[in-house]
Amino acid sequence: MQTGWIGKDVNVSDRLRAILIAGPTASGKSALAISLARRCGGVVVNADSMQVYRDLRIITARPDEDEEAMAPHDLYGHVDGAENYSVGRYLADIAPVLESARAADRPVIITGGTGLYFKALLEGLSDIPTVPEEVRRDVRTRAEGRDTPLLYADLAVRDPASAARIGPTDRQRILRAMEVLAATGRPLTFFRSHKRPGLLAKAERLALFLMPERAELVRRIDARFLAMMELGALKEVRALAARGLDPDLPVMRAHGVPWLVRHLRGEIELDAAVREAQGDTRRYAKRQFTFFRHQLAGFRWVTPEEAGSVVADQGWLALAKARSAEGGEIRSAVTSTPSTSR
């Protein structure tokens, strides 16, 4: 029976302990991560590609200041929206966080819904060279005004293997492949054969995927977006739009942002923008299920209600007691979860 527990035979140099909490958006990941961090003296580390941006706290459901005060948090809101943040940059940012935790014998609770981040942490990442900014700008400038299918057709001629992997609708990945080709003269697939090992390859780890009942998840997604609007999501997006950033940047494509920008431009009523944003988020949750099911088989799928007992059964809370006996700082268990499920 699959347990989700991997890599227990660690040596002294590989003592990092990591609890991985993945799942669809609005499944309660952040609440669980904070609770566990308080119970085992750990640090909550972000694995959500949109929660890295400081411009968007509300609409990305980033933990608020009160929640961040409950336990140490890292890699949240540390990137400017003008940056095109990548998986490679994420690995570079998280590496010192993991090393610091390992040196302090402190567990990390890595949580988020970005499957590519988890895949790279576990399996490694191809050693793709950094694309110079001037090359990236040139590729994107030439792509302006061109439909994604046309860009895909160009890529299919110049790098058919990458085109086959990407598909005809993912504009961001198509442009990324074009940037690498323009910068290096080599197709992206060439670099995929040169992979560095995953940062968590030798860590002691427990990997959980939260799986709420489908109807309940839909209810949570829709309710959460309404709650975001109450908290000021429209004001947040207005401030972002005022920066005049490239619409192809990841921050401009966060769920809800394109529809609210259209509303601010007078192109769509607010009620319609909210409905469309909710629909986009529900479809994204389905894609998250699909990705983890097919790409990350090492995760144990549990309901949010089961997750805490699974962690306890695997001995992580016993670890907390041991650290407390040794004089380590152990925060008390959370008595109430944050109001917004993430």
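Numbering starts at 1 and runs along the chain as it is shown here.
Even glycines carry a Cβ here, placed using N, Cα and C.
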Given the ranges 172-176, 242-246, 322-326, which one is assigned the annotation region 'Interaction with substrate tRNA' in TrEMBL?
172-176
Range annotated as region 'Interaction with substrate tRNA' - as stated in TrEMBL, picked from 12-15, 48-51, 276-279, 304-307:
48-51
Model confidence over the region 'Interaction with substrate tRNA' (172-176) (mean pLDDT, whole number)
94
Ranking the recorded positions SER27, SER30, THR114 by other Cβ atoms within 10 Å, which is at the bottom?
THR114
Contact set, same chain, for the region 'Interaction with substrate tRNA' (48-51): CB under 8 Å, 6 or more residues outside the stretch:
60-62, 76-77, 85, 90, 111-114, 116-117, 250-251, 254-255
